[in-house]
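What follows is a short report on a single structure.
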Amino acid sequence: MTASTSVAVGCAVGIPVGVGIIIAVCFWFNLQKRYKREEQDDRELERAIYDESGFVSFDNFGPLRDSKDEAALASSELKNPDHTSGSSEGSAHPEEKDGKSRDQEKPLGKKNSKYYVPAYRRKINLLQVRNNNYGNNARQKSVVDLPSINNSSNVSLSSSQRHITKRQISVYDQMVPVISDEGPKFFADPSSDTNTSNDQNKASMIELKHNTRQSSNENLIRKLQNQDFGSYYPRRASSSFLNGNISNASFHTRNSSITSVNKRDALEDVFATPKSAAQSQLPNTFDKDNEGIDADHSVKDSRSAITDKDKNIYKLQNNYDVGNIGEIAEEDQYENEFTNYSQSKREFIESLRPK
(Lines of atoms letter the chains of each structure in order from A; the text may use other names.)
(Lines give C-alpha, C1' and ligand atoms only; values in the text may rest on other atoms or scores of the structure.)
Protein backbone atom coordinates (compact mmCIF):
# COMPACT_ATOMS: atom_id res chain seq x y z
CA MET A 1 0.00 0.00 0.00
CA THR A 2 2.78 2.42 0.89
CA ALA A 3 4.73 1.51 -2.24
CA SER A 4 1.80 2.22 -4.47
CA THR A 5 1.23 5.53 -2.72
CA SER A 6 4.85 6.61 -3.17
CA VAL A 7 4.80 5.59 -6.83
CA ALA A 8 1.61 7.52 -7.41
CA VAL A 9 3.01 10.63 -5.71
CA GLY A 10 6.29 10.34 -7.61
CA CYS A 11 4.50 10.00 -10.92
CA ALA A 12 2.14 12.85 -10.12
CA VAL A 13 5.02 15.16 -9.24
CA GLY A 14 7.93 13.83 -11.30
CA ILE A 15 6.25 13.46 -14.67
CA PRO A 16 5.08 17.13 -14.95
CA VAL A 17 8.40 18.38 -13.62
CA GLY A 18 10.34 16.21 -16.08
CA VAL A 19 8.17 17.28 -19.00
CA GLY A 20 8.64 20.92 -18.01
CA ILE A 21 12.41 20.51 -17.81
CA ILE A 22 12.51 18.84 -21.23
CA ILE A 23 10.42 21.64 -22.76
CA ALA A 24 12.66 24.27 -21.13
CA VAL A 25 15.78 22.57 -22.52
CA CYS A 26 14.25 22.51 -26.01
CA PHE A 27 13.41 26.21 -25.81
CA TRP A 28 16.92 26.96 -24.57
CA PHE A 29 18.50 25.14 -27.52
CA ASN A 30 16.25 26.99 -29.96
CA LEU A 31 17.14 30.28 -28.32
CA GLN A 32 20.84 29.53 -28.58
CA LYS A 33 20.48 28.74 -32.28
CA ARG A 34 18.61 31.97 -32.78
CA TYR A 35 21.33 33.92 -30.97
CA LYS A 36 24.03 32.34 -33.15
CA ARG A 37 22.07 33.15 -36.29
CA GLU A 38 21.59 36.76 -35.21
CA GLU A 39 25.27 37.11 -34.36
CA GLN A 40 26.21 35.83 -37.79
CA ASP A 41 23.79 38.27 -39.43
CA ASP A 42 25.25 41.11 -37.38
CA ARG A 43 28.77 40.22 -38.47
CA GLU A 44 27.72 40.21 -42.13
CA LEU A 45 25.94 43.51 -41.70
CA GLU A 46 28.98 45.10 -40.07
CA ARG A 47 31.14 43.76 -42.86
CA ALA A 48 28.80 45.31 -45.42
CA ILE A 49 28.74 48.61 -43.55
CA TYR A 50 32.52 48.88 -43.36
CA ASP A 51 32.85 47.94 -47.02
CA GLU A 52 33.56 51.31 -48.67
CA SER A 53 32.97 50.20 -52.24
CA GLY A 54 29.57 48.70 -51.35
CA PHE A 55 27.82 51.82 -50.14
CA VAL A 56 29.77 54.95 -51.05
CA SER A 57 30.20 54.83 -54.79
CA PHE A 58 29.78 57.32 -57.57
CA ASP A 59 30.41 54.89 -60.39
CA ASN A 60 27.26 55.93 -62.23
CA PHE A 61 28.91 59.33 -62.86
CA GLY A 62 31.38 59.48 -65.70
CA PRO A 63 34.16 61.59 -64.12
CA LEU A 64 34.04 59.66 -60.82
CA ARG A 65 33.88 56.14 -62.25
CA ASP A 66 36.13 53.56 -60.69
CA SER A 67 39.24 52.55 -62.60
CA LYS A 68 38.39 48.87 -61.98
CA ASP A 69 35.27 49.20 -64.11
CA GLU A 70 37.27 50.84 -66.87
CA ALA A 71 39.78 47.99 -66.80
CA ALA A 72 36.93 45.47 -66.89
CA LEU A 73 35.41 47.27 -69.86
CA ALA A 74 38.77 47.25 -71.62
CA SER A 75 39.20 43.51 -71.02
CA SER A 76 35.65 42.80 -72.25
CA GLU A 77 36.38 44.82 -75.37
CA LEU A 78 39.51 42.76 -75.96
CA LYS A 79 37.59 39.52 -75.53
CA ASN A 80 34.74 40.71 -77.76
CA PRO A 81 35.34 39.54 -81.36
CA ASP A 82 33.35 42.43 -82.82
CA HIS A 83 36.39 44.72 -82.58
CA THR A 84 38.84 42.49 -84.40
CA SER A 85 36.52 41.10 -87.02
CA GLY A 86 36.01 42.76 -90.35
CA SER A 87 32.90 43.82 -92.20
CA SER A 88 31.40 40.30 -92.03
CA GLU A 89 30.95 40.54 -88.25
CA GLY A 90 29.97 44.22 -88.45
CA SER A 91 26.99 43.34 -90.64
CA ALA A 92 25.30 41.48 -87.76
CA HIS A 93 21.87 42.72 -86.78
CA PRO A 94 21.87 45.05 -83.75
CA GLU A 95 18.85 43.29 -82.22
CA GLU A 96 20.96 40.18 -81.63
CA LYS A 97 23.50 42.28 -79.73
CA ASP A 98 20.72 43.83 -77.65
CA GLY A 99 19.47 40.36 -76.79
CA LYS A 100 22.94 39.34 -75.65
CA SER A 101 23.28 42.43 -73.50
CA ARG A 102 19.91 41.71 -71.88
CA ASP A 103 20.97 38.15 -71.15
CA GLN A 104 24.11 39.50 -69.52
CA GLU A 105 22.14 42.06 -67.52
CA LYS A 106 19.82 39.52 -65.87
CA PRO A 107 22.46 37.47 -64.04
CA LEU A 108 24.21 40.67 -62.97
CA GLY A 109 21.02 42.15 -61.55
CA LYS A 110 19.84 38.96 -59.82
CA LYS A 111 23.23 37.83 -58.54
CA ASN A 112 23.04 36.84 -54.88
CA SER A 113 25.74 38.36 -52.70
CA LYS A 114 26.95 37.07 -49.36
CA TYR A 115 26.51 40.59 -47.98
CA TYR A 116 23.20 42.22 -47.19
CA VAL A 117 22.38 44.77 -49.89
CA PRO A 118 19.46 47.18 -49.33
CA ALA A 119 16.74 47.64 -51.91
CA TYR A 120 17.85 51.13 -52.91
CA ARG A 121 21.37 49.83 -53.50
CA ARG A 122 20.04 47.10 -55.78
CA LYS A 123 18.24 49.69 -57.88
CA ILE A 124 21.42 51.74 -58.15
CA ASN A 125 23.38 48.65 -59.22
CA LEU A 126 20.79 47.83 -61.89
CA LEU A 127 20.94 51.38 -63.24
CA GLN A 128 24.72 51.21 -63.24
CA VAL A 129 24.70 47.92 -65.20
CA ARG A 130 22.27 49.37 -67.73
CA ASN A 131 24.41 52.46 -68.20
CA ASN A 132 27.52 50.33 -68.70
CA ASN A 133 25.74 48.13 -71.25
CA TYR A 134 24.45 51.20 -73.05
CA GLY A 135 27.99 52.57 -73.21
CA ASN A 136 29.30 49.25 -74.53
CA ASN A 137 26.62 49.15 -77.22
CA ALA A 138 27.44 52.70 -78.27
CA ARG A 139 31.12 51.85 -78.49
CA GLN A 140 30.40 48.70 -80.49
CA LYS A 141 28.20 50.60 -82.95
CA SER A 142 30.85 53.28 -83.41
CA VAL A 143 33.49 50.63 -84.06
CA VAL A 144 31.26 48.80 -86.56
CA ASP A 145 30.63 52.00 -88.51
CA LEU A 146 34.37 52.55 -88.94
CA PRO A 147 36.00 51.03 -92.02
CA SER A 148 37.98 47.86 -91.68
CA ILE A 149 41.22 49.77 -92.23
CA ASN A 150 41.02 51.28 -88.75
CA ASN A 151 40.65 47.91 -87.01
CA SER A 152 44.37 47.66 -86.41
CA SER A 153 44.39 51.05 -84.69
CA ASN A 154 41.47 49.95 -82.49
CA VAL A 155 43.31 46.82 -81.50
CA SER A 156 46.42 48.78 -80.61
CA LEU A 157 44.33 51.26 -78.58
CA SER A 158 42.60 48.50 -76.66
CA SER A 159 45.88 46.69 -76.06
CA SER A 160 47.35 49.88 -74.61
CA GLN A 161 44.48 49.98 -72.12
CA ARG A 162 45.71 46.75 -70.54
CA HIS A 163 48.42 48.65 -68.71
CA ILE A 164 45.94 50.72 -66.71
CA THR A 165 47.09 50.66 -63.09
CA LYS A 166 44.42 49.43 -60.68
CA ARG A 167 44.11 51.75 -57.74
CA GLN A 168 41.76 51.14 -54.80
CA ILE A 169 39.56 54.18 -54.34
CA SER A 170 38.66 55.09 -50.79
CA VAL A 171 35.79 57.16 -49.47
CA TYR A 172 37.87 60.34 -49.47
CA ASP A 173 38.63 60.01 -53.17
CA GLN A 174 34.94 59.71 -54.04
CA MET A 175 33.73 62.79 -52.17
CA VAL A 176 32.41 65.58 -54.36
CA PRO A 177 34.19 68.88 -53.59
CA VAL A 178 31.94 71.89 -52.99
CA ILE A 179 33.49 75.33 -53.44
CA SER A 180 31.70 78.52 -52.42
CA ASP A 181 31.18 81.35 -54.89
CA GLU A 182 32.80 83.94 -52.62
CA GLY A 183 36.49 83.85 -51.88
CA PRO A 184 39.49 83.05 -54.09
CA LYS A 185 39.03 80.75 -57.08
CA PHE A 186 41.53 77.91 -56.69
CA PHE A 187 40.91 76.29 -60.08
CA ALA A 188 40.67 79.45 -62.18
CA ASP A 189 43.33 81.11 -64.29
CA PRO A 190 44.30 84.44 -62.67
CA SER A 191 45.22 85.95 -66.05
CA SER A 192 41.87 85.22 -67.71
CA ASP A 193 39.25 87.83 -68.40
CA THR A 194 36.63 85.94 -66.45
CA ASN A 195 38.44 86.67 -63.21
CA THR A 196 38.27 90.40 -63.82
CA SER A 197 34.54 90.17 -64.44
CA ASN A 198 34.17 88.04 -61.31
CA ASP A 199 36.07 90.66 -59.28
CA GLN A 200 33.82 93.40 -60.63
CA ASN A 201 30.72 91.39 -59.84
CA LYS A 202 32.04 90.66 -56.37
CA ALA A 203 32.74 94.35 -55.71
CA SER A 204 29.28 95.32 -56.96
CA MET A 205 27.69 92.68 -54.74
CA ILE A 206 29.58 93.96 -51.68
CA GLU A 207 28.54 97.54 -52.46
CA LEU A 208 24.92 96.44 -52.94
CA LYS A 209 24.92 94.64 -49.59
CA HIS A 210 26.38 97.72 -47.88
CA ASN A 211 23.73 99.96 -49.46
CA THR A 212 20.88 97.64 -48.48
CA ARG A 213 22.18 97.44 -44.90
CA GLN A 214 22.44 101.23 -44.69
CA SER A 215 18.94 101.69 -46.15
CA SER A 216 17.50 99.19 -43.68
CA ASN A 217 19.10 101.15 -40.81
CA GLU A 218 17.58 104.37 -42.14
CA ASN A 219 14.14 102.77 -42.34
CA LEU A 220 14.52 101.55 -38.76
CA ILE A 221 15.49 105.05 -37.61
CA ARG A 222 12.39 106.53 -39.29
CA LYS A 223 10.13 103.97 -37.65
CA LEU A 224 11.65 104.54 -34.23
CA GLN A 225 11.31 108.29 -34.54
CA ASN A 226 7.59 107.97 -35.27
CA GLN A 227 6.93 105.80 -32.22
CA ASP A 228 6.38 106.95 -28.65
CA PHE A 229 7.81 104.49 -26.13
CA GLY A 230 7.06 106.60 -23.07
CA SER A 231 3.34 107.30 -23.50
CA TYR A 232 1.70 104.96 -21.04
CA TYR A 233 -1.00 107.38 -19.87
CA PRO A 234 -3.64 109.39 -21.78
CA ARG A 235 -2.67 112.97 -22.47
CA ARG A 236 -4.62 116.09 -21.72
CA ALA A 237 -5.56 118.55 -24.37
CA SER A 238 -2.60 120.88 -24.77
CA SER A 239 -3.03 124.52 -23.81
CA SER A 240 -2.02 127.52 -25.85
CA PHE A 241 -0.15 128.96 -22.86
CA LEU A 242 2.74 126.51 -23.00
CA ASN A 243 6.20 127.73 -22.23
CA GLY A 244 8.27 128.71 -25.22
CA ASN A 245 11.24 126.71 -23.96
CA ILE A 246 9.35 123.47 -24.58
CA SER A 247 9.96 122.23 -28.11
CA ASN A 248 7.34 120.95 -30.51
CA ALA A 249 8.75 117.44 -30.21
CA SER A 250 7.34 117.28 -26.66
CA PHE A 251 3.92 116.58 -28.15
CA HIS A 252 5.27 113.30 -29.54
CA THR A 253 7.96 112.44 -27.02
CA ARG A 254 7.66 114.20 -23.70
CA ASN A 255 10.79 115.65 -22.16
CA SER A 256 12.00 114.29 -18.87
CA SER A 257 11.60 116.26 -15.66
CA ILE A 258 15.37 116.11 -15.18
CA THR A 259 16.15 117.72 -18.56
CA SER A 260 13.34 120.28 -18.37
CA VAL A 261 14.37 123.91 -18.04
CA ASN A 262 11.47 124.91 -15.81
CA LYS A 263 11.98 122.88 -12.64
CA ARG A 264 10.45 123.41 -9.26
CA ASP A 265 12.67 124.69 -6.50
CA ALA A 266 11.09 122.38 -3.94
CA LEU A 267 9.52 119.22 -5.33
CA GLU A 268 5.93 118.70 -4.29
CA ASP A 269 4.37 115.40 -3.31
CA VAL A 270 2.47 114.33 -6.40
CA PHE A 271 0.50 111.75 -4.42
CA ALA A 272 -0.97 114.36 -2.07
CA THR A 273 -4.57 115.48 -2.31
CA PRO A 274 -4.86 118.06 -5.11
CA LYS A 275 -5.79 121.56 -3.98
CA SER A 276 -6.94 124.04 -6.53
CA ALA A 277 -5.98 126.94 -4.22
CA ALA A 278 -2.32 125.89 -4.15
CA GLN A 279 -0.13 128.39 -5.94
CA SER A 280 2.58 127.29 -8.35
CA GLN A 281 6.18 127.76 -7.27
CA LEU A 282 7.41 127.97 -10.83
CA PRO A 283 9.04 131.25 -11.79
CA ASN A 284 7.06 133.36 -14.19
CA THR A 285 8.72 133.01 -17.61
CA PHE A 286 6.07 134.70 -19.65
CA ASP A 287 6.59 138.01 -21.31
CA LYS A 288 5.17 141.28 -20.04
CA ASP A 289 2.39 141.07 -22.60
CA ASN A 290 0.91 138.01 -20.81
CA GLU A 291 0.78 139.57 -17.32
CA GLY A 292 -2.88 140.56 -17.73
CA ILE A 293 -3.79 137.03 -18.70
CA ASP A 294 -2.03 135.67 -15.56
CA ALA A 295 -3.98 138.12 -13.39
CA ASP A 296 -7.27 136.91 -14.87
CA HIS A 297 -6.25 133.31 -14.20
CA SER A 298 -5.37 134.07 -10.59
CA VAL A 299 -8.80 135.74 -10.06
CA LYS A 300 -10.54 132.70 -11.49
CA ASP A 301 -8.45 130.39 -9.30
CA SER A 302 -9.36 132.35 -6.16
CA ARG A 303 -13.06 132.22 -7.06
CA SER A 304 -12.92 128.48 -7.66
CA ALA A 305 -11.11 128.01 -4.33
CA ILE A 306 -13.88 129.90 -2.52
CA THR A 307 -16.58 127.79 -4.13
CA ASP A 308 -14.69 124.57 -3.24
CA LYS A 309 -14.38 125.64 0.38
CA ASP A 310 -18.07 126.53 0.55
CA LYS A 311 -19.25 123.27 -0.96
CA ASN A 312 -16.58 121.21 0.88
CA ILE A 313 -16.58 118.63 -1.93
CA TYR A 314 -13.50 116.63 -2.86
CA LYS A 315 -12.77 116.50 -6.62
CA LEU A 316 -9.86 114.33 -7.78
CA GLN A 317 -9.00 115.43 -11.30
CA ASN A 318 -5.23 114.84 -11.63
CA ASN A 319 -2.10 114.61 -9.57
CA TYR A 320 -1.31 118.13 -10.77
CA ASP A 321 -2.54 121.46 -9.60
CA VAL A 322 -5.57 122.48 -11.60
CA GLY A 323 -4.90 126.17 -11.18
CA ASN A 324 -1.65 126.33 -13.16
CA ILE A 325 -2.79 124.36 -16.19
CA GLY A 326 -1.40 127.07 -18.46
CA GLU A 327 2.10 126.86 -16.98
CA ILE A 328 2.76 123.14 -16.58
CA ALA A 329 3.45 120.83 -19.52
CA GLU A 330 2.27 117.32 -18.73
CA GLU A 331 5.04 114.96 -17.67
CA ASP A 332 5.17 111.34 -16.62
CA GLN A 333 5.33 111.24 -12.82
CA TYR A 334 7.13 107.87 -12.92
CA GLU A 335 9.84 109.11 -15.28
CA ASN A 336 13.18 109.89 -13.70
CA GLU A 337 16.85 109.61 -14.56
CA PHE A 338 16.62 105.81 -14.46
CA THR A 339 13.52 105.53 -16.67
CA ASN A 340 14.13 108.32 -19.13
CA TYR A 341 12.42 106.84 -22.19
CA SER A 342 12.89 109.75 -24.55
CA GLN A 343 16.59 110.08 -23.79
CA SER A 344 17.13 106.33 -24.18
CA LYS A 345 15.27 106.43 -27.46
CA ARG A 346 17.43 109.28 -28.77
CA GLU A 347 20.62 107.49 -27.75
CA PHE A 348 19.50 104.29 -29.47
CA ILE A 349 18.64 106.14 -32.68
CA GLU A 350 22.00 107.91 -32.64
CA SER A 351 23.77 104.56 -32.25
CA LEU A 352 22.10 103.32 -35.44
CA ARG A 353 23.40 106.15 -37.59
CA PRO A 354 26.49 105.33 -39.69
CA LYS A 355 29.65 106.81 -38.27
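Placement of Cβ uses the backbone N, Cα and C atoms for every residue, glycine included.
Database features, via Swiss-Prot:
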- 92-108: compositional bias 'Basic and acidic residues' (COMPBIAS)
- SER142: phosphoserine (MOD_RES)
- THR273: phosphothreonine (MOD_RES)
- 1-8: topological domain 'Extracellular' (TOPO_DOM)
- 9-29: transmembrane segment (TRANSMEM)
For the topological domain 'Extracellular' (1-8), distant same-chain residues with Cβ under 8 A (at least six beyond the ends): none
For the topological domain 'Extracellular' (1-8), mean pLDDT (0 to 100): 80
